[in-house]
Amino acid sequence: MFRNTYDSDNTVFSPQGRLHQVEYALEAVKQGSAAVGLRSKTHAILLALKRSTGELASYQQKMFRIDDHVGIAIAGLTSDARVLSNFMRQQAMGERMMFNRPMPVNRLVSSIADKAQVNTQEYGRRPYGVGFLVIGQDQSGPHLFEFSPSGNSYEYYAMSIGARSQSAKTYLEKHYESFADCNLEDLIRHGLHALRETLQQDKELNVNNTSVGIIGPMGQHEKPISPPGSFRILEGDNVEVYLQSMEKKEEAPAPASVPDAAPAPTADEDVQMSG
């Protein structure tokens, strides 16, 4: 049932210096559907693949608005994400009430990282089983952060988390140098191409399973919003115009045809042996 005698409690180190319960929580993030984040000089965006539990069920929510200047995409346990997103909203609201200003993005991410770290050190708690991609904008421009259940947080130019996210990372690593100067439409197209890499062979992106979150100036295909540049989530028909702009995926070359084998001799024929 257990990997070893050191994985039944998150406060016990293994002889190799590992906390197995924390590693299991990181595995829970890898089980969630993929989310991709990118940023340019003017925008930060999130793209997420929504899952449905069945034909009769709606697609699960993958993005949450925290404040006008912050939004998140999740991978992992949705219930844990709901608790942490509510905590982030309380922190952002407290900053506005006390100091009449939006909370700096890096400090907001650090606050949930500190909250998650407590669950890796105190007895009787379990780590959160969810990871976040956090986008935000402040005086220094757009930002993209990753938060993990281990309590770590990092800032990125582009990042992906969730199931089969390594395929998306490979795409992002190839193209990230061009992201800084992209406009919103090109940035979303890159994100959709990266998200498409995480799909199974028989699946395609559509208006039902794709969510796009944006922070930054309004794009060509968007309606005016208030306040300008605040976080907004595009779903349903609003995503269709971006899906139509995607380039078709290059199909793998067909395997070389194998020459037909010589027909087997019949019983009436002699088998000729080569000399």
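Each Cβ is built from the backbone N, Cα and C atoms, and glycine gets one as well.
Which of 6-35, 186-215, 246-275 counts as region 'Disordered' depends on TrEMBL, and there it is 246-275. Nonlocal intrachain contacts for the domain 'Proteasome alpha-type subunits' (6-28), taken as residues 6+ away from its ends with a CB within less than 8 angstroms of a stretch CB, comprise 76-77, 119-123, 125-131, 148-150. Across all of the domain 'Proteasome alpha-type subunits' (6-28), the predicted model scores a mean pLDDT of 89.
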